[in-house]
Amino acid sequence: MAKVLCVLYPDPSGGYPPPLVRDGLPQLEHYPDGQTLPSPSAIDFTPGALLGSVSGELGLRRFLEDAGHELVVTADKDGDNSEFDRHLADADVVISQPFWPAYLTAERIEKAPNLKLALTAGIGSDHVDLDAAIAHGVTVAEVTYCNSISVAEHVVMMILSLVRNYLPSNRIASEGGWDISDCVSRAFDLEGMDVGTVAAGRIGLAVLRRLAPFDVRLHYTDRHRLPTEIEQELNLTFHESAAAMVPHCDVVTVNAPLHSETRGMFDDDLIATMRRGAYLINTARGLIADREAVVRALESGQLAGYAGDVWYPQPAPPDHPWRSMPNHGMTPHISGSTLSAQARYAAGTREILESFFGGTPVRDEYLIVDGGKLAGAGAHSYSKGG
Ligand code: NDP
């Protein structure tokens, strides 16, 4: 019998469950690159239901308890003597979502002698100290691709929102105004702009594909170059580094994992090389951008807008300056937790648990750390020492 400790975000303020907005979800056949969707033996939830909050339990309770395991679900994850800390001491498996991350620091991993699996219900396992996981033989896995398209759609929405000054204009309409000059004095067309992505993995490439019909010039940088056919199909300009790319862009979107190479990448120096009035969209991880540098750039007008849904720490404190800086389009960390994405990552979480408890290999594309080293998707996208 194993103890599974699951950290999820709190239930809706109006109580659980919230009303179902739509009847069911569109059926997808597979992911865009052909990767198969999560394939557990069964699911015990209704696709389209809220699964990522405490009472949603990722639809796991019946499956785990029928197999004799213990499931503890909590949102209380930070501070001394949190419920998470109390249960971690004898937990075999920890499940957490990047939206409400249970930070598995080296110190916490040290205090969890039974821990064998740290499972990210989503993508991005930077809330786990990967070096400590490697040192302690903890397997780290995530549900690769489950919400990549969800985030790509969000990026496109945020680019258009900023460039066209949508959010302030919506506010003016809601508040009874008709101040067209105030709405349009910061509004532009995206058409003809140069748009670049830092990283062209699953999300970055999906953003490029979705933006191509807008008649923009597309740029990217990545550690590995995309196949020539894709570069030609989308008319992409490749740059050796973010530093080489950003001076050529009106809009920059960040779609790389957080690790030693990307932490603090968008600092004063890099932002100073961007075009004046450029837009920066970061849905990757908050720590990839220097918090104060972003505020300074918005205040000076070096950046015309900054949007994203990722912060550090999460949840962000009420006085976090990104809540009040000018011309921002920030949201809480939501882009990868649409109800559509939740159905996929809940199913993927169950698939990984079925493999883990059944003694069969976890899909290689889900692995980040295994057998004391970076593995699978992790070996490709992360760096040791990050
Ligand atoms: P992928 O692994 O498909 O893509 C990541 C890409 O980043 C890879 O192409 C990788 O390069 C590239 N990369 C890594 N380091 C660098 C670097 N130093 N410079 C340039 N490129 C780099 O992941 P996804 O696209 O699915 O997700 C990307 C990130 O987005 C996640 O790690 C996560 O942090 C974030 N995310 C955010 C979500 C949200 O809700 N806001 C939800 C899901 C993900 P290569 O493989 O070629 O070496």
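Along the chain as shown, residues are numbered 1 onward.
Each Cβ is built from the backbone N, Cα and C atoms, and glycine gets one as well.
I123 (substrate binding site) has a Cβ environment of 27 other Cβ atoms inside 10 Å. Taken residue by residue with DSSP, I123 (substrate binding site) is part of neither helix nor strand, so it is coil. Under the heading substrate binding site, TrEMBL lists I123, N147.
DSSP assigns G336 (NAD(+) binding site) to coil in the three-state reduction, outside any helix or strand. The NAD(+) binding site annotation in TrEMBL covers S148, 202-203, D222, 257-261, T283, D309, 333-336, S381.
Residues or ranges marked as domain 'D-isomer specific 2-hydroxyacid dehydrogenase catalytic' in TrEMBL: 62-363.
Look at TrEMBL and you will find 156-335 tagged as domain 'D-isomer specific 2-hydroxyacid dehydrogenase NAD-binding'.
Marked as site 'Important for catalytic activity' by TrEMBL: R285 (among others). Neighbour count (other Cβ atoms within 10 Å of the Cβ, all protein chains): 24 for R285 (site 'Important for catalytic activity'). According to DSSP, R285 (site 'Important for catalytic activity') is assigned to coil rather than to any helix or strand.
TrEMBL lists H333 (among others) with the feature site 'Important for catalytic activity'. Residues within less than 8 Å, Cβ to Cβ, of H333 (site 'Important for catalytic activity') and separated from it by at least 6 positions along the same chain comprise P98, F99, W100, D309, V310, W311, Q314.
Taking the Cβ of I203 (NAD(+) binding site) as centre and 10 Å as the limit, one finds 29 other Cβ atoms among all the protein chains shown. Just so you know, of the binding-site residues E261, D309, the Cβ with the fewest other Cβ atoms around it within 10 Å is the one at E261. Within 10 Å of the Cβ of H259 (NAD(+) binding site) there are 18 other Cβ atoms, across all protein chains.
Ranked by CA distance from N147 (substrate binding site), the recorded positions I203, H259, E261, R285, G336 have G336 at the top as the closest.
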